[in-house]
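Below is one structure, written out as structure tokens; comments come after it.
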Amino acid sequence: MKQRDYSDLAAPGVRELMPYLPGKPISELEREYGVTDSIKLASNENPLGASPLAIEAARAELDDVWLYPDANGFHLKQALAKKHGVPVEAITLGNGSNDVLVFLAQAFLQPGLEAVFSQYAFAVYPIATQMVGAKANIAPALPADHATMPLGHDLRGLFHRVGNDTRLVFVANPNNPTGTWLSGERLKDFVGSLPPHVICVVDEAYTEYAESDTLGDASTWLEEFPNLVVTRTFSKAYGLAGLRVGYALSNPGIADMLNRVRPAFNVNAPALAAARAALDDHEFIAETRRVNSEGMRQLSEGFEKLGLTVIPSAANFLLVGFNRSGAELNEALLKRGVIVRPVGNYGLDNYLRITIGTRKQNERLLAALSEILQ
Ligand SMILES: *Cc1c(COP(=O)(O)O)cnc(C)c1O
């Protein structure tokens, strides 16, 4: 095909955009490296798979896929409203929570306006901000030698960046790719300190993994703060990353704006049914949490034995620091059939983000790393 560069015709925000870098799929690794039996600890997926109840519900929907899905997601919204004790008008469904993060940018940002977030915050925040031509105002993270929360969010730094042009503040709790977190108490004070023209987005993609109630549940603060948005996903603990379902909870006035930019059929029928069923699978979530906390202990001990730096995490992954390039280590791991996530795109060159797997997967990763580091 004839080559032609179209960047000059693209909107300025799009021209400068750095695309999201996904974890390498297993099939791609096996094609490119000629390895088999590989494992993926790169995208914070649930190593136990999906909730069996969710899979059954998705399958049952397949007979009806010639019909458009319910654009209002009635059954899922009813269940979510009950779970969180909010009216259905407070809910915006997304094709993954990535979708609702983009709706927030589309609805509330434009050239001349700003989003504030932390250095090392989730990569979708800068993408969503830039794509609509708004400015990312980034607060430096806590230093790598910080006593309790190295590389974590600095709430005071975030607060100082908020100004007249700020419309959104993104805070992931816990954060990806660092795994670091904020206590619910401190985060709640922060939300309460923001002026009314600023919407605070608390991204709770990993909240099901938190082992204590330290992080709090921002969805319980919605009554108090009309400018709060809480996002959740079925991609992580619920194990439905491939189906793409997430949601935002907010004041109905904010949800109204988000639903105006939302494509009508953004969540497909099997996904709606699976998410609805997954909410009732308490056993699956309990087992997921158990495997994760055991794996967290296993990997942390293993990494420390290898003399590596482990950033504290409240999620289902660990950010691990090395005294050499993460990209090179990643390459060596790929050759051994282990996919992890290099985070050079976040400015974390000497780190790897590693999803906590099953006991066996964790053993395999530790063995490969120890061989490489010898
Ligand atoms: C994975 C992740 C999401 C969203 O993922 P979806 O699959 O789009 O729901 C959102 N925020 C953070 C911090 C994440 O790590």
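The backbone N, Cα and C atoms fix where each Cβ goes, glycine too.
In TrEMBL this protein carries:
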DOMAIN    37-369  domain 'Aminotransferase class I/classII large'
MOD_RES   Lys236  N6-(pyridoxal phosphate)lysine
For Lys236 (N6-(pyridoxal phosphate)lysine), which residues of its chain lie six or more apart in sequence with Cβ-Cβ distance below 8 Å?
Asn44, Glu45, Asn46, Ala205, Tyr206, Glu208, Tyr209, Asn316
Per-residue pLDDT averaged over the domain 'Aminotransferase class I/classII large' (37-369), given as an integer:
97
